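**Q** Dumping what TrEMBL says about this protein:
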type	residues	note
DOMAIN	1-260	domain 'Peptidase M14'
ACT_SITE	238	active site, proton donor/acceptor
TRANSMEM	334-353	transmembrane segment
């Protein structure tokens, strides 16, 4: 387990990254599938981190899931390197545990799933600044910066961002009501539909987040992982939701409140991840995205790369970024003032023309 820290404008964050490598190798020979899982991006969705911890316990202690023999997955696990971020939003989680049960944002009020660069900052008609604050610029938040560096250094083949609020298996896009085109989209849909059929008896929603969840989300992590990081299989999983819960009872809406339901959700989704690993490995190899044999290109898999990359940012570089943020803010302000001034001038001009026409009409027709 690696602890990664960074800060921005007086706000700091720390993430823990757990690496699971079944064969206990210190290097990856290039034939393994890289899987990156993030839980707890929204503070109020506590159940997601519980699934992360149980999944890690199952992987390391070989615990059975509701009587299921996991030995059949041993061969699959030998071909994977899995990195797990059990709680991406540690500061936001602290706010929830202190009583802010409806808060999904980080420690300074930014929604981490709106702070990424793809279609960042766009606001829909139903935009809620409390729920969806995207920050002052893409990657303004340390948590998002760390996750970006982690994706760059680890280069995952499969990415899953785990949330609660409903039960669904989503692929890109979140910011528009469509899915990507081409072979990669077919590959992603095939994996999700097989998982849904094998494990959920076709009960989960499958498709794009923007087309299925009921609203569009801009600046999300999964859309970045697809468009920028070029992850072959980026997904968002929604693992639980109580539709009957009052909108004022956020804890019940996003988390099971009795032990029976809690255990059922944990076991069901841990098993779902094992099946995802199996389906993902098979489909990636059939599509020849990852090889089945050893390669000469050996790469490190330790988490220290992330910390080095984050800390390598010099004070001068950070000042440049902050200056760029401020410059962009000023440009946006000047643009808004320009548009407002233009609108007012056009309004005054049209009003003047209208008055002149009325005066001319009265001169012509007045007896």
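Our numbering is plain: 1 for the first residue shown, then up by one each step along the chain.
Quick reminder: no glycine exception, Cβ is built from N, Cα and C everywhere.
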**Q** Which value does the mean pLDDT take for the domain 'Peptidase M14' (1-260) in this predicted structure?
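**A** Residues in the domain 'Peptidase M14' (1-260) carry a mean pLDDT of 94 in this prediction.
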**Q** Among all protein chains shown, how many Cβ atoms are found within 10 Å of the Cβ of residue 238 (active site, proton donor/acceptor), not counting that one?
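**A** Within a 10 Å radius of the Cβ of residue 238 (active site, proton donor/acceptor) lie 23 other Cβ atoms.
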